[in-house]
C-alpha cells in the first residue's frame, strides 16, 4: 500500500485524487494533507481519510479547524501557514506527494518534498515552469521520480514508454480551445467572467479554466514539456482538438505517431502517476470510438490566442523569465476574475510585465532569484492594471523571437 501526501486536498485535483484513494483503499492511503481555506470540506476529508498530519494555508483558520475536528480520534498533527504546508510536504511516512496546489504557491512545498526523497505526482505545472532551473537538478540529486499528473504530459509520458533514447522527434500537445474556441475574434471584447468559466469539456478550477480560454494553459504546458522531456521548443507543437479525446501525441524519428486516448477524466492521469509503472484495473467508463464520433483538429488562431506565442517566446528566453510570465499571468487572471481588468487585457498586461523585466533576466537563477522575480511580476501587474491604459507595446526582443 502506497502512502500519499496530498497538497491542495480541497481543490479540483485534490478531490479527484481522494476519489481514487477511496475507490482503491487497498492500494493507497493518505498520510498527509494540505489545503487552502475550505475548512468545511477539509474537516470532512480528515474524518474520512484520517491523515496523520494536516496543514491549512491560512493561519487565521487554524483554531476553527481544530474546533471542526475536535471529536476526531486520533487527532492529526495540525499546522498552518506556508511553513506548515512545507512541513506536510516533507512528512516522513509518505512515499509520493501529489502537488495539487494551484500556482507558484506549490513551488516551495514541492522542493521540500523532493529534498525529503519523495516521488512527485506533478499536477502543479507552475513548479516546473517557474522553478525548472532549480527543481530539475534537485530531482536528479535526490534520485526521486517526477511523474506528470496532468492529462497532456501524462499522455506524452505514456506514449514514451518503450521509446529508445533519441527516438523522439516531436511532441504535439492537444488543446480543447477553451470557452471561446468557436467565438469570432471580433466578439472577444464582450467576454464576461461567466463566459470564460464555461469550459466545453473539462471540469476544473477557475484559474486554469481562464488559462484554457486564453490558451495560456497550453503555453505553460509547452514550457513544462520542455523541462519534463528535454525537447527543444522548435519541436513542441500545439493543435486544437475540440473533442479532448486525444490527450497528446508524439512523433518518432521514423514519422510514426503515437497518441493516448480517453474520455476527459483527470482521474486517469492522476491514477497513473501514483501507480506507475503498474496499471490498476478500473471500472471507469471505457472509451467508445463510435460514441465519441469524429476526432477533428485545427491550427490555433494566433490572433485569438496571443498568450500562446508569448509563452514560446518567454520559454526560449529561459532563466527567470518563465517565472515572471507565470506570476504575471496568475495576477492578471485574479484581476480578471475580480472584474478589474478585461479578458483582452490579460495578455496585454502580461507581455508588458515581461517586456519590462527582460533587461534584468538571470539565465541561471537561484531559488531566491525565482521567488524575487515572482514577487516583482505580481506587483508589476498591479501597477500596470492601475494605470489608465494597460496596453502593451512589445519590445523588439520579444517581437523578434
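Numbering starts at 1 and runs along the chain as displayed.
Just so you know, glycine gets a Cβ as well, placed from its N, Cα and C.
Worth saying up front: this structure is predicted, and the values here are computed from it rather than measured.
According to Swiss-Prot, the protein carries these features:
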BINDING   10, 11, 12, 13, 36, 37, 38, 124, 126, 205  NADPH binding site
BINDING   125, 151, 152, 176, 199, 212, 217, 218, 221  1-deoxy-D-xylulose 5-phosphate binding site
BINDING   150, 152, 221  Mn(2+) binding site
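Features recorded in Swiss-Prot, as mapped to the structure shown.
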residue : record                                      : Cβ contacts under 8 Å, 6 or more apart
10      : NADPH binding site                          : 35, 36, 38, 41, 42, 45
126     : NADPH binding site                          : 102, 103, 104, 106, 107, 220, 326, 330
150     : Mn(2+) binding site                         : 122, 123, 125, 221, 266, 269
152     : 1-deoxy-D-xylulose 5-phosphate binding site : 173, 174, 221, 225, 247, 248
199     : 1-deoxy-D-xylulose 5-phosphate binding site : 176, 178, 179, 209, 212, 213
217     : 1-deoxy-D-xylulose 5-phosphate binding site : 175, 178, 208, 211
Min neighbour Cβ count (10 Å) across binding-site residues 12, 36, 38, 125, 221 flags 38
Near Mn(2+): residues not in 150, 152, 221 with Cβ within 8 Å of the site Cβ centroid are 125, 148, 151, 153, 154, 173, 217, 218, 224, 225, 248
In the three-state DSSP scheme, residue 152 (1-deoxy-D-xylulose 5-phosphate binding site) belongs to helix
In three-state DSSP terms, residue 217 (1-deoxy-D-xylulose 5-phosphate binding site) is classed as helix
